[in-house]
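This report refers to the structure that appears directly beneath it.
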Amino acid sequence: MNPLALMVFLISLAIGATTTMLSHHWLLAWIGLEINTLALLPIMMKTPHPRAIEATTKYFLTQATASALMLFSCLINALQTGEWNINNPHNLMTTPLSLAIMMKLGLAPLHFWLPEVLQGTPLSTGLILSTWQKIPPMILLLQISPNINLSLTIIMGLTSILIGGWGGIGQTQLRKIMAFSSIGHLGWIILILKLNPQLSLFSFILYIIMTTAMFLSLIMLSTTKMSQISISWTKNPAMMTTTMLILLSLAGLPPLTGFQPKLLIILELIKQNMIISATLTMLTSLLALFFYLRLTYIVTLTLSPSTHNSTTTWRTSMKPQLPSAITSIMALTLLPLTPAILLM
């Protein structure tokens, strides 16, 4: 793609997301989301492959449906209350609005587009889809969290954790595994959105850090399938060790960063006397733990018989390593800083 065109699209992505995040007016927030969606479509199609075009079409149709539902809900609410304010406590259409935003996020059972779209795009575009594109809808959900239906968030959260673990078990494509991982993590975040929005935001920031670290590791290794990552140990042993630890962090194992949001969310559910929800959450998260451990085993504990003995790195393409290093360190070492971060 032309570098000038790519720069224009990336600036549009930034402007669209910033517009949505800074707006107090539903129409302005909707416009920001539309700019964001339209700017990403050419980036998704920068490699003219039938699978990329199919993924772009699916993404466009899903986002257009969610945007139409969101605009319809805003218009009905404006007709009934005479206000376009996002923080309006008398919002009559909170549930359809929440569903439209959750469809944009890819929460189950509105998740069917996400694995297919991620599978059809390059890793760099998958990184944008899994991180940057999630920020504006999540900020909108946080803004309407006082009015949101508690039963809706609990049902969507538990369903997303279950689907995120169940869907990822049989996958061999790393991009699809990351898509189901995203669904599962967003389920944890949505679960306590109504009860503790600050903890939701904190968990979302950590999700962004860990997902970015994982995608950057895959970009550095140029791997998209389990069969490729299983023979990458001889390419870059240090990178593979870091990738294994990031996977364990995504699984939520102590003493890594991914453990703290899960611990705090379970504690919050118990504090709210939601013992059954906490138990179901922990049991369904074991499904996701299984496929993370399976991938970790393939990454580090198996060695393909066809690997070469050479220590040269001619197969490893030179890519910028600083962003990967920074995000990897943050994805692994933030657990001891939890009290300080929460006090901030």
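Cβ atoms here come from the backbone N, Cα and C positions, even for glycine.
TrEMBL lists 23-287 with the feature domain 'NADH:quinone oxidoreductase/Mrp antiporter transmembrane'.
Regional average pLDDT for the domain 'NADH dehydrogenase subunit 2 C-terminal' (289-342) in the model is 75. Marked as domain 'NADH dehydrogenase subunit 2 C-terminal' by TrEMBL: 289-342.
According to TrEMBL, the feature transmembrane segment maps to 26-47 (among others).
Residues annotated as transmembrane segment in TrEMBL: 59-80 (among others).
Per TrEMBL, the feature transmembrane segment maps to 92-114 (among others).
Annotation comment: TrEMBL describes 150-170 (among others) as transmembrane segment. Sequence-remote contacts of a segment are chain residues at least 6 beyond its ends whose Cβ falls under 8 Å from one of its Cβ atoms, and for the transmembrane segment (150-170) they are 95, 98-99, 102, 107-109, 111, 115, 176-177, 180-195, 274, 277, 280-281, 284-291, 294.
Residues or ranges marked as transmembrane segment by TrEMBL: 201-221 (among others). Counting same-chain residues at least six beyond the ends of the transmembrane segment (201-221), those with a Cβ under 8 angstroms from any Cβ of the stretch are 123-124, 126-127, 130-131, 134-135, 138, 142, 174, 178, 181-182, 185-186, 188-189, 192, 228-229, 232, 235-236, 239-240, 242-243, 246-247, 249-250, 257-258, 260-261, 264-265, 316, 319, 321, 323-324, 327-328, 330-331, 334, 341-342.
Residues or ranges marked as transmembrane segment by TrEMBL: 233-254 (among others).
TrEMBL lists 274-293 (among others) with the feature transmembrane segment.
Annotated transmembrane segment per TrEMBL: 325-343 (among others), in sequence order.
Outside the transmembrane segment (26-47) by six or more residues, the chain places 1, 5-6, 9-10, 12-13, 15-20, 53, 55-56, 59-60, 63-64, 67, 70-71, 74, 77-78, 84-86, 104, 117, 120-122, 125, 128-129, 133, 136-137, 140 with a CB less than 8 A from a CB of the stretch. Sequence-remote contacts of a segment are chain residues at least 6 beyond its ends whose Cβ falls under 8 Å from one of its Cβ atoms, and for the transmembrane segment (59-80) they are 26-27, 30, 33-34, 37, 40-41, 44, 88, 91-93, 96-97, 99-101, 103-104, 113, 117, 129.
Each of 92-114, 233-254, 325-343 was scored by its Cβ pairs under 8 Å to the transmembrane segment (274-293), and the highest score goes to 233-254.
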